[in-house]
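Here's the structure we're looking at; comments come further down.
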Amino acid sequence: MTLAVSGLTFPCHRLTVGRRSSPVQTREQSEEQCTDVHMVSDSDGDDFEDATEFGVDDGEMFGVASSALRKSPMMPENAENEGDALLQFTAEFSSRYGDCHPVYFIGSLEAAFQEAFYGKARDRKLLAIYLHHDESVLTNVFCSQMLCAESIVSYLSQNFITWAWDMTKEANRARFLTMCTRHFGSVVAQTIRTQKTDQFPLFLIIMGKRSSNEVLNVIQGNTTVDELMMRLMAAMEIFSAQQQEDIKDEDEREARENVKREQDEAYRISLEADRAKREAQEREMAEQFRLEQIRKEQEEEREAIRLSLEQSLPPEPKEESTESVSKLRIRTPSGEFFERRFLASSKLQVVFDFVASKGYPWEEYKLLGTFPRRDVSK
């Protein structure tokens, strides 16, 4: 719309700029409540109706973020759970500026650090912290035209973990400054503390390092899409160089750890084999000892039986005995001979006991007769 079409023709006009508390107010109510700012040309002219007659919200004309025009805050004051606060922040941000916006990490700042900095080197990202302020005149323009630009949203999504906080309420501001001091140091916290309201919103670019977290950049709201992109890309260059070093160190460390694991595994297998061999030897020795004990016990038992049989044998009859006597000559398996006289009236068991007393029990040996050959044990 041109000035001519709007009725703003030469030479002069008096304009009144006012803020409406509600879009449903009548024109008369708005004029009563506004604070007039007159802009008058050098010569007098006809009065001109205020800008509300065109149906344009003054906040929209000048990009002013007015908390009075908002239905709900970006973040509850004194929120106990940071995750819940971020959920409300994301929902309110979407309702104000649309669904095309950075994906805000839902969780505590510590959890965002873990997600961005403490994975494998190839998976690490920069951390972007967006600090919102509803009272800054730059907030609406920054959010709608820069932070929600498709190129910025895409670049942040690929390379950053984005976390947000609302600095509008004093309690939330103090809480973030405490977190900032703990994680980034007092210098960074003081830098943010000294930022004036009209310098917000702020965009902090954080890079995780081995010993501490480094703030690479603090971007104020008075910037452009191109400048914002350039500063994000500059931070990525620094991060990429560090990331390549971290990847190299991590690969070398993993290679060393793999070699050590292989050596440890080989050593473990060797120990297992040695232990299995030693256990087998111990089992074999234990079995030999057990068998030896059994053998000794059996020998002791046989010896006891032999002595018992030897003592229980009737006395050997003398040659001049008046009773009939049988003289037996017994050959053992080893070729040894035993001779003894027995009464003809003695039972055959006496002969078996005699042979057993010499170490040849009848359970294991049999007694064979000659001419004709027969088994007398049956």
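First residue shown is number 1, and so on along the chain.
Placement of Cβ uses the backbone N, Cα and C atoms for every residue, glycine included.
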Tell me which range among 43-64, 307-328 TrEMBL lists as region 'Disordered'.
-> 307-328
Note the mean pLDDT of the domain 'UBX' (321-378), expressed as a whole number.
-> 83
